[in-house]
Amino acid sequence: MAMTDSNPTRCGYVAIVGRPNVGKSTLLNHILGQKLAITSRKPQTTRHNMLGIKTEGDVQAIYVDTPGMHKANDKALNRYMNRNASAALKDVDVVIFVVDRTKWTDEDQLVLERVQYVTGPLIIAVNKTDRMEEKAELIPHLQWLQEQLPNAEVMPISAQQGHNLDALEAQIAKHLPENDHFFPEDQITDRSSRFLAAELVREKIMRQLGAELPYQITVEIEEFKQQGHVLHIHALILVERDGQKKIIIGDKGERIKRIGSEARKDMEVLFDSKVMLNLWVKVKGGWSDDERALRSLGYGDL
C-alpha cells in the first residue's frame, strides 16, 4: 500500500442519492470546484449515473451522481433512471443521502426505505440550511432524521453556498478504504467529452423552456471534431412530437439560437477551446418508452 508521510492512501466510491431536484448535482459540482453535472430547477434533470473524481493529496473520492429516485415508473426512461439510482447503492464505500431541510416528500420516503438497508457508512446531508434565519428550528428536523436512520451521520450543508462541505468531505475521507488510487490525479470524470457536450445542450433546453418543457427530449452528438483551434460539434435534439419541435425552435428560431449560444459558452470553458456548435431538432415518436431506442441513444442496460 502506497504511503505518504505516514498517511495511508485512500480511494473509494461515494454514491450521492436522493429524490429529484434536491441538490445532488449542485453538491457534486461544488465539491469538484467546477461544473461537471448539469443542473436546473426541473426534476429529473440528471438521467445517468456519472462519476466525479476528486483527488486531494492521499485521498481520491469517486463520487457517483445519480438520477433522483421517483415514483413514476410508467415509461422505460423512468424505469432506467430508477434502476440506475438504486444500483448506485451497491458496491460503494459511502452513501450520501441528500434531503431538503424545507420539506419531506413521498419520494424522500422512498429513498429512505432504500438506504435503510445500506450496511456501510451513511451520511444524511441536509441541504439548504443556509436559508434558515433561526438555526434552532433545524434541530427537531435533524433529530427526526437521526431517529429514522440511527446508524447514519446527519450533517447540515448548503450545496449552493458550500457551507460545511469541508466537514462533509473530511467525514467521507475518513470512511474510504486504504487503496491505491484508481484514476490519474488529473482525471475528473469517467464520461466522454461527447457525453458532456450533449448534457450541456440538454441543460440549456431545460433552463430555457420552463413550464413549456417537454420532458421527452434527449440530445445526441453526431460530430465532435477538433480542426485547428476550433472544436466542431453537431448536436441532434430528439423530441417526440411536432409541437415539441416548434417549442424548442421558437419564434423565427430565436429560442434554439439562445440554447446554442449558452451551451457553446459553457463548452468553451469546459473544453478550453473555441467551439462551433450546430443544433438540429428531429421528431422521433415514442423514443422515451422504447427500450431499443433508449439503448441506441446511450441509456445503457435496460
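Backbone N, Cα and C atoms are what each Cβ position is placed from, and that goes for glycine too.
Feature region 'G1', per Swiss-Prot, maps to range 18-25 of the set 18-25, 250-257.
The average pLDDT computed for the region 'G1' (18-25) is 88. All chains included, 31 other C-beta atoms sit within 10 angstroms of the C-beta of Lys24 (GTP binding site). DSSP assigns Lys24 (GTP binding site) to a helix. Helix, strand and coil residue tallies for the domain 'KH type-2' (201-285), in that order: 41 helix, 30 strand, 14 coil [DSSP].
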